[in-house]
Amino acid sequence: PGHGQWSLNGTLIDLGNDYRRHMSGGNLIISSLDRDQDTGIYQCTAFNTWGSILSRRASLQFAYLDNFKTQTVRSAVNVREGQGVVLLCGPPMHSGELTFAWIFNEYPYFVQQDTRRFVSQETGSLYIAKVEPSDVGNYTCVVNNTITREKVLSSPTPLVLRSDGVMGEYEPKIEVHFPDSVPAAKGSVVKLECFALGNPVPEISWRRTSGVPFPSKVKMKNSNAVLEIPNFQQEDAGTYECVAENSRGKNTARGRISFHAKPHWLQTMTDSALSIEENLFWECKANGKPKPSYSWLKNGENIMSEGRIQIENGALSIAALNLSDAGMYQCVAENKHGIIYSSAELMVLASPPSFSKSPLRALLKARSGSEVTLECKPQASPPAISLWKKGNEILQRTERISLLPNGTLKIANVTRRDAASYTCIAKNQFGTASTTGRLLITEPTRITLRPTNMEIIVGESIVLPCQIACDPALDVSFSWAFNGQLIDFQRDGDHFERVGGSISGDLMIRNIQLNHGGKYVCVIDTDVESLSTSAILVVKGPPGPPDKVAVEEITDSTAQLSWTPGRDNGSPITGFIIQARTPFTVGWQAVDTVPEVINGNMLTATVVGLNAWVEYEFRVVARNSVGMGEPSPASAKTRTEDAIPDTAPTDVGGGGGTKSELVITWEPVPEELQNGEGFGYIIAFRPVGTVTWTRAVISTPGVARYVFRNDTIPPFAPFDVKVGAYNNRGEGPFSSIATVYSAEEGTVKAASVRARSVSAAQIEVIWEALPTIPERVLGYEVVYWEDDTKPDTVGKVRITGNYTLVNVTGLDANTPYYLAVAAFNTAGSGPQSAPINTTTKKPPPGQPPLNVEWTMIGSTLTLHWDPVVAMDTESEVTGYMVLLKRHRYNDVNIILTNKTTVELSLSANDNYLIQIKALSEGGEGVGSEPIHIHKLSESALLSVSISSLFDH
């Protein structure tokens, strides 16, 4: 640990019996400060086992302000009006910066400074350039100590006007003048004062004699009596001039401000550890104004230049160091404005050789034919002399063996004969040491399988081989770089994987992407050498999307497009396909173009076969040998020009309607084929066999029906009919001519209607066909209802053609129904027959056949079950139906019986499913639980009887 001691004005402070001063952690603490005892320059000396150094110097001064010496009355100052006057302050003894002010007559009336009156902060005096009658009174100087904040007042000085007239005008007389030479520290605030007496009151101005204008930081204060230069720098130094001027003349005062700066370091020395007998050279450099001088200290004492020790400016050199030169050194730079210290330690080393930090490697491998370097770098002070041994023989220089001055051994073009143990022996005056290592010579490594340049398609996988033959004594590692960056198999494991054993560094690349194209380098590192081999991989993919698809020109059926190609992704673009989309298409559709095939170096084409007056978007898809690429962004929406319609309405027909009507219908033209605005239809018709067409116009594009009424139209008369289209551009084509009949007359009443109930849900209705009549009959309609009070229960069955019987199904059981029959044609239904009524049968039994038993003898199956008894509300049982289903053929056989037993003959190769239902007038009853009979295997030919009970 270090210690310290303090000196005051160069004399050591003895803290032994001192009650006011003591040290704490290196700090000097002084209590009950005393101006006489404690003023001065303090410096600390720090020392430990390595030596001692001096601190910077510290100055301690005490600020104070004494009272004005005598409080005697100051004598009056007599002046004439218009004369200038100076009232002296004469401050008392003090230390520390003072400020001055003057009281006029009594506190708190202070003299206000202006062009006529000035209080100098240098002398404290009050200057009045030209006295006026209002100035008469008592003046008291107030002195302030800025550090202690003490304030003292002088006794008053009376100012009295003389009675012998007013002073005439006279030229300025400079009373406040800054010194001829003003030293100014770097960064300080410099204030120059200048004030003149005169009549009229003089004006003060400033300039630099060099003519250089003042920088913006320079300020004028107190009506130009004070020039202030903040943050003073070298360029502010020079001669400054104050000019006082009035109408009677002018006077000047000038002085030089010189720049000074404390020293500061440009270069210092650093701690050094040198061997005994070596030479020391330290240099330090400092800046300052004036130029600093240098001195050197060792352990706080001045060093003189003599013998081994030479000092020149800031440089210290010591030749042939010995142990006594060790210690703490300081370089001191000093000018009259300051002193600075730089410290460093010098250690002088004396030790025997040691290889503890730099031994030879126990085993060193080298490739046959290479150059081997063995370093001999012991720590030793002074440096050791070394020699080399191979085995027990001392090595000598040869053509291949070099022994360098620094102890390094180099063997060129090594062979297996150089394999041996090598020892370096080092020696100085303090002792000897050695280090030994064995040299092993290995065969050169060869690359046996290299990767080759390849082209590959996106999404495929590939292995790049990298295989070697090498000396078994070597440790080998493989690494791969892609485009100069090492591949990180951890991070990029999705695509890159190392495959192969210890002498194989093959690289597998999975699911190759376009960005995997580039240069791959396999690097093989062994203990003795580094080899590499590389290949370039070109990855091909479908082309990138084309861009900037633009419609250059558009007509009613064509559009001229241009585009720019996307990237070819490694394979030249062989062609382009154009697709279009409109509000009427589902997604994008390929379109016809001129030329029909667009090759890869064309960037324009004309799309043909477009519909007029439709808004189109276009996009372009490129293809190459790999495949189709992504589509381009869509072009701006562009509408084709309008044109006369070129599509006629289709599916022209009609007929029907009411008396004296011709009804014409057609399939409307879709919006995308209307070719322009103002679209509508023209309907033309004439009785078959006549020449003149009647025309009608419909201006609603969505309408698909037109009715022409005229009492002269005969019923069911044939007409030629055609329908055309038009828009604002004109009329388009007509459809082909169709034959349409006018409305026909209604038919007559059906006769001889009979009905019978077939089951619980079905009624059969029979009638007589109508005789041949002028009116056509297209078919018949049966209407049925439950009773007249419930009209919402009406149902209807229509049958087209010349039938006379219909089954009405889906009815409710045991319910009376009313039924009527009418014939119909295009004019509608004719009059109904008189209603007849009949009641549906009761529903079939709800109970399934129970207690089904079956017995199998050979291939004969005998079934038996309990009779089903119908309830009062159900139809009586009339018999039973047995359903026999063969799994393999999926067919169903039905056996009817009015007994409760049945015998069946089954095939041995089928699986069967059997179910029994009761029959009644009301229909089939509920089926029994199904019975499964599996294939009749040999063992099952025994007689088996199984009973199954089903509860419902």
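Quick reminder: no glycine exception, Cβ is built from N, Cα and C everywhere.
Remember, predicted model here, so these are calculated numbers, not experimental data.
Taken from TrEMBL as is:
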- 66-154: domain 'Ig-like' (DOMAIN)
- 172-258: domain 'Ig-like' (DOMAIN)
- 263-347: domain 'Ig-like' (DOMAIN)
- 353-442: domain 'Ig-like' (DOMAIN)
- 444-532: domain 'Ig-like' (DOMAIN)
- 545-643: domain 'Fibronectin type-III' (DOMAIN)
- 648-745: domain 'Fibronectin type-III' (DOMAIN)
- 749-843: domain 'Fibronectin type-III' (DOMAIN)
- 848-939: domain 'Fibronectin type-III' (DOMAIN)
- 629-657: region 'Disordered' (REGION)
- prompt: Of the listed stretches 66-154, 263-347, 545-643, 648-745, 749-843, which one has the most C-beta pairs under 8 A with the domain 'Ig-like' (353-442)?
  reply: 263-347
- prompt: In the same chain, who gets a Cβ under 8 Å from the region 'Disordered' (629-657) while lying at least 6 residues past its ends?
  reply: 542-547, 549-551, 554-557, 559, 561, 563, 566, 569, 579, 581, 588, 610-623, 663-669, 673-677, 679, 681, 705, 707, 721-736, 738, 740-743, 826-827
- request: For the domain 'Fibronectin type-III' (848-939), give the DSSP counts of helix residues, strand residues and coil residues.
  value: 2 helix, 47 strand, 43 coil
Query: Over the domain 'Ig-like' (353-442), what is the model's mean pLDDT?
result: 93
Field: DSSP-assigned states of the domain 'Fibronectin type-III' (749-843) in counts, ordered helix, strand, coil
entry: 3 helix, 46 strand, 46 coil
- prompt: With DSSP helix as H/G/I and strand as E/B, how many residues of the domain 'Fibronectin type-III' (648-745) fall in helix, strand and coil?
  reply: 3 helix, 49 strand, 46 coil
